[in-house]
Amino acid sequence: MSKRDYYEVLEISKSASADEIKKAYRKMAIKFHPDKNPGDKEAEEKFKEAAEAYEVLSDDQKRARYDQFGHAGVGGNGGFGGGGFGGGMNMEDIFSQFGDIFGGHFGGGGFGGGGRQQVKGSNLRIRIKLNLEEMVNGTQKTLKVKKMKMAEGATSKTCPTCNGSGVQLKVMNTMFGQMQTQTTCGTCQGIGKVADKIPPGANAQGLVKDEEEITINIPAGARDGIQLNVRGKGNDAPFGGIPGDLLVIVEEEVDKVIKREGDNLHQELYISFAEAALGTKKEVPTVGGKVKITIEPGTQSGKILRLAGKGLPSIDSYGKGDMFIHINVWTPQKLTKEQKEFFENQMSSGEMVAEPSGKEKTFFDKVKDLFN
Ligand SMILES: [Zn+2]
């Protein structure tokens, strides 16, 4: 059975917000929950399908990969190491995920929740430039990241407004009698704590501008524009909250020699007139080292050599792209007196002339060959 699109599974648009995704999953999970559909295999499959879709779409990093590469980008057998999503979740995984969605109240009498909220620090976004080799093989980068951190000596106390519960109860008189409503505490924004001592230089939430050295592991097979999510390395949250995430956006550093086109790589190689005539051996750079290539005697300018499998690993299959070497014969622009005499002799004797056999490939033939 082919996999359905995750957005389709949750019946949401591609631009759905995190909140919409959560809500949509909640709806599906309730509808297809095994307790509500005992013995119904189809409902169970739908339940698992929704959980899998949520697992991917609720994670910024996995969602970005999924948006870019589809199921292949998040499949367990894809090129991405580290935390790949294996597909096919078991029921235990799904139920353990519920704590997050239903506040631990699933099945225990409603989806009440409320109460003290876990406040999260804001996310930080940085860009990181990687060369082809680092993108192909993966790498580790240590960077100094500017972020908000809890100031030393900053202390907190229980919020006097809500007594630490994070919520305020309001009693309203209505025509049906007294009704009690619950709202997030306006003093502490639901954290349950407020600042007690704030050291000089820190803001009202006890945070100061700081810098931290952070080591980022970049998995093999990264591509330009991919976003990695380093959990808990963003800005600190005010008292008792969890830090935000560090979002790392990968940018491809333009290589001076090697140009990328999909999984294939291209480079120009200039050889001298003598090398083209007599043939030679040349070293060319590839991802992961140099390779020796042979230039046959009588090589024409414009010839393209193909080094099979010397391109980039393919994102959605096991294959590898190729490296294409475009040969350019360099016509000398300065000649010594002897060289000038030599060429003049060749010209006047009529021995060195262009004599295409008609079998030479034109530029368009070569382009056609590349795609065959
Ligand atoms: Zn409060």
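The backbone N, Cα and C atoms fix where each Cβ goes, glycine too.
Unlike curated entries, TrEMBL annotations are predicted automatically.
Just so it is clear, the model here is predicted, and its values are computed rather than measured.
Its own atom aside, the Cβ of C162 (Zn(2+) binding site) has 23 Cβ atoms within 10 angstroms in the protein chains shown. Taken from TrEMBL, the feature Zn(2+) binding site covers C159, C162, C185, C188.
Annotation source TrEMBL lists domain 'J' at 5-70.
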### Query
Using an 8 Å cut-off from the Cβ centroid of C159, C162, C185, C188, can you name the remaining same-chain residues around the Zn(2+) site, in sequence order?
P160, T161, N163, G164, S165, G166, V167, Q168, G186, T187, Q189, G190, I191, G192, K193, V194
### Summary
Cβ-Cβ distance under 8 Å, sequence separation of 6 or more, same chain as C185 (Zn(2+) binding site); the residues meeting this, in order, are C159, T161, C162, S165, G166, V167, Q168, G192
### Task
Can you tell which of C159, C188 has the least company, meaning the fewest other C-beta atoms within 10 angstroms of its C-beta, among these binding-site residues?
C159
### Task
Take the domain 'J' (5-70) and average the pLDDT across it for me.
87
### Task
By DSSP assignment, list the helix, strand and coil residue numbers for the domain 'J' (5-70), in that order.
46 helix, 0 strand, 20 coil
#### Entry: Collapsed DSSP category at C185 (Zn(2+) binding site)
coil
